[in-house]
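A.B. asks: Here you go, one structure.
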Amino acid sequence: MDMKHSRLFSPLQIGSLTLSNRVGMAPMSMDYEAADGTVPKRLADVFVRRAEGGTGYVMIDAVTIDSKYPYMGNTTALDRDELVPQFKEFADRVKEAGSTLVPQIIHPGPESVCGYRHIAPLGPSANTNANCHVSRSISIDEIHDIIKQFGQAARRAEEAGCGAISLHCAHAYMLPGSFLSPLRNKRMDEYGGSLDNRARFVIEMIEEARRNVSPDFPIFLRISGDERMVGGNSLEDMLYLAPKFEAAGVSMLEVSGGTQYEGLEHIIPCQNKSRGVNVYEASEIKKVVGIPVYAVGKINDIRYAAEIVERGLVDGVAMGRPLLADPDLCKKAVEGQFDEITPCASCGGSCISRSEAAPECHCHINPRLGREYEFPDVPAEKSKKVLVIGAGPGGMMAAVTAAERGHDVTVWEADDKIGGQLNLAVVAPGKQEMTQWMVHLNYRAKKAGVKFEFNKEATAEDVKALAPEAVIVATGAKPLVPPIKGTQDYPVLTAHDFLRGKFVIPKGRVCVLGGGAVACETAETALENARPNSYTRGYDASIGDIDVTLVEMLPQLLTGVCAPNREPLIRKLKSKGVHINVNTKIMEVTDHEVKVQRQDGTQEWLEGFDYVLFGLGSRNYDPLSETLKEFVPEVHVIGDAVRARQASYAMWEGFEKAYSL
């Protein structure tokens, strides 16, 4: 496909704004914000870098109209005039980089974290948010005041030189979305009840914003084309409302889908969802309005984006995570350099998930995210002979980074292929997109001249003979089998070996020990692989020949896995009849039985299993580094060889250590 002459990369006029192309950067929470409402340089850099990469517009999320009601702790704001100059500096940087800045103007409403300050969040009705704070139903007078605040924030955005603003009434979320959705709005006055009444807040918000900006200043509106919940707003509701939003002053509709609490996977579609999940709704809405309509939601392939725009289904696309993975996505696409595009696998592992170790937005495959200009693409001061031991995600990232900096890089891999434990992760249904990472890194490695030796078990003697100036140890991890009573007396089967295909489970009763990603995906894979014939030992015939039990010591399954992946998988396991035991400690095992201790201290035997699989995670494997330090000038240990964690840490550490050589 010739992207340079595609409709996707043709200009689009929206009011006074001329976009260079029809790819926008969707709003995403970065958690780089400042306590005073200003835009820190680190946050601004993210958007400036995507502007440099050719994105048509960049949208910063959650710019609040009232700092008393912050969205996520630190929240960017346009609630007072003194913030306009610094916001103008931000907008000017984006413009100089070739794009335009669009702030998403919001009042978080029920989603405000003000409850931690002993201030009740505001909402159309009393609702409990994710922080277990109950919102206070606001009065008519408060509604009018808040509407005026939206207008003033819109004015400030235009004064700051922003190309447009975006308003958010999707996902039954934040204040406007909560008013619009019957799932949240239980009012019985003129702002509740009927669809027209529920839309009143949104329409008045749009009208007030329009009154406070120039007549042709663009106002974008994000909506859920379908809330995809029983009792929620439907596509038919949005087909009715979309022309009303246009008449109120909206210049462009951005069509998302789903609701925040009932189905986050519809808002942030990850590995369990197909691409373009909201394109159908967007295309139907486009038929009833005369303004541009953009689709958003797992549009993670630029060629697919070009296809749906070329077919006239939508006027443009908003891409989020793919632009985190590769800020130069648009430039590379226009130049036809598709192999050069760093692929987003929709994993949600670092951009959506947060942890104590990584509380901000990161990207598995792009270690530069959040530090856009800290690691320039320049050669190393001196070219070194570098050995990387292990070709998993961390080893591959290290090899690529070192070679692209001008080092002479050799990779030794004990297996017959690259990928490491990622080869196990992609076995589970819906996770095959992660194979793109290894394809991409392999392409870059070969282009940079990396030399590979497979089926090569590294020894100190061989390393000494090679005489590298630096070694990066990326030997990964081995399956964890704790010294539980019985493990020495019976053959131990691991989930890792099952996922590797070392044995199959055609039918029978299966107990998987553990409740993390490996264990749950093993259960899922076993169910998918089972033969469909009825198995007649009293098991649920609806799931075929197999009956699966999970035993997890923690209070819930999939701790640490992002919600858009976690919740659908748990629902799937339950729907397939998997017996889930949480708060349950493993005391003893045989090859057919498991003795467990419940939370109340009682113990019992779970019996009659044909297979007992250990899926309790991994432990680091590093047999060489200490010896190598005796004769290699530089030795760096990365990833699971340090401590078993998710692949992102291996790739970040591989990048950083290789860049430092």
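Any Cβ shown, glycine's included, is placed from N, Cα and C.
Checked Swiss-Prot, it gives:
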type	residues	note
BINDING	Q104, R222, K298, G320, R321	FMN binding site
BINDING	H168, C169, A170, H171	substrate binding site
ACT_SITE	Y173	active site, proton donor
BINDING	C344, C347, C351, C363	[4Fe-4S] cluster binding site
BINDING	G394, E413, Q421, K431, A458	FAD binding site
A.B. asks: Let me know the DSSP-derived helix, strand or coil state of R222 (FMN binding site), please.
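C.D. replies: R222 (FMN binding site) sits in a strand per DSSP.
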A.B. asks: Determine which residues of this chain, when H168, C169, A170, H171 are set aside, have a Cβ within 8 Å of the centroid of the substrate site's Cβ atoms, and list them as they appear in the sequence.
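C.D. replies: Close Cβ neighbours, site residues excluded: A172, Y173, M174, P176, G177, L180, R222, I223, S224, S256.
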A.B. asks: Nearest to Y173 (active site, proton donor) in three-dimensional space, by Cα, is which of the binding-site residues Q104, R321, C363, Q421, K431?
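C.D. replies: Answer for the nearest of the binding-site residues: Q104.
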A.B. asks: Where does Q104 (FMN binding site) sit in DSSP terms: helix, strand, or coil?
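C.D. replies: Looking at the DSSP assignment, Q104 (FMN binding site) belongs to a strand.
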A.B. asks: Check each residue in the chain of G320 (FMN binding site) that is at least six apart in sequence and keep those whose C-beta is under 8 Å from its C-beta; list them in sequence order.
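C.D. replies: M25, A26, P27, M28, V296 - these are the non-local Cβ neighbours of G320 (FMN binding site), listed in sequence order.
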A.B. asks: Does C169 (substrate binding site) have same-chain partners at least 6 apart in sequence with Cβ under 8 Å from its own Cβ, and which are they?
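C.D. replies: Within the chain, C169 (substrate binding site) has Cβ neighbours under 8 Å at P176, G177, F179, L180, V202, M205, L221, R222, I223.
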A.B. asks: Looking only at C-alpha atoms, tell me how far Q421 (FAD binding site) is from C347 ([4Fe-4S] cluster binding site), rounded to the nearest Å.
C.D. replies: 15
A.B. asks: Fewest other Cβ atoms within 10 Å: which of the binding-site residues C351, A458 wins that one? Let me know.
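C.D. replies: Output over binding-site residues C351, A458: least Cβ neighbours within 10 Å is A458.
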A.B. asks: Tell me the Cβ neighbour count for H168 (substrate binding site), meaning other Cβ atoms within 10 Å of its Cβ, over all protein chains shown.
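C.D. replies: Around the Cβ of H168 (substrate binding site), 25 other Cβ atoms lie within 10 Å.
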A.B. asks: Measure from the CA atom of C363 ([4Fe-4S] cluster binding site) to the CA atom of E413 (FAD binding site) and give the result in Å, rounded to a whole number.
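C.D. replies: Computed Cα spacing between E413 (FAD binding site) and C363 ([4Fe-4S] cluster binding site) is 25 Å.
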A.B. asks: Once the DSSP letters are reduced so that anything not helix or strand counts as coil, what is H168 (substrate binding site)?
C.D. replies: strand
A.B. asks: Any idea what the Cα distance is from C347 ([4Fe-4S] cluster binding site) over to Q104 (FMN binding site), rounded to a whole Å?
C.D. replies: 25
